[in-house]
Amino acid sequence: MSSFSKEARQVHEALVKHGLENPFNMDPENGLLDAATRRSHIEKHITQIMELLNLDLRDDSLSKTPSRIASMYVDEIFLGLDYAHFPEITLIQNKMQVDEMITVHDISLSSTCEHHFASIDGKATVAYIPKDYIIGLSKINRVVQFFSQRPQVQERLTQQIILALQTLLATENVAVSIDATHYCVKARGICDRSSVTRTTSLRGLFKSSQNTRQEFLHIC
């Protein structure tokens, strides 16, 4: 059983309420198998897939591949499926009465397309206008990273980040923009090696105020 922090539970419940949570097969707090069991099952199935591809797992270059993939899935690229790994969030009272835009841009993100399990590489720009609280800047990067470490579609990823920050910061005034290269487009199918997909979500003043919106979009 995973153990959620209060902040993780609040974010998860907000995503469920708004229909933005990933399509989990069961409740992620009570239904998730422990990491060792998941690694064992995944390793077994990857072995079967490789054998169906006529690969000889006795070769020393391939023999540990199923184990490596299992560890990569559970402990690295899909770590965000387990809310036990939601970043620890420390809110700071806005004693300085900051009321201007705070922006973090060029946040590196790596995710995985849920349709083909191909890589997604991109950068995010996140901004918010504080009310009662501000948040450590690295926590914004960590929230982006957490939701990126899942099988994703970029549209949902953008909405998850913005709703998580709205929930944590208790403010509507949040904006998120992501530019990403999708290897399901670049390396297969159409094989377009230059296109970049942009998704943007604007809330609160970022949507209602033309000046605030233009300032954010200019940064992007």
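In case you wondered, yes, glycine gets a Cβ from its N, Cα and C as well.
Residues annotated as Zn(2+) binding site in Swiss-Prot, with sequence analysis given as evidence: Cys113, His116, Cys184. For Cys184 (Zn(2+) binding site), applying a Cβ distance below 8 Å and a minimum sequence separation of six or more within one chain yields Cys113, His115, His116, Ala118. According to DSSP, Cys184 (Zn(2+) binding site) is assigned to a helical segment.
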According to DSSP, does His116 (Zn(2+) binding site) sit in a helix, a strand, or coil?
coil
When you average the Cβ positions of Cys113, His116, Cys184 for the Zn(2+) site, which other residues in that chain have a Cβ within 8 Å of that mean position?
Thr112, Glu114, His115, Phe117, Ala118, Ile120, His182, Tyr183, Val185, Arg188
Looking only at Cβ atoms, how many others are within 10 Å of the one on Cys113 (Zn(2+) binding site)?
18
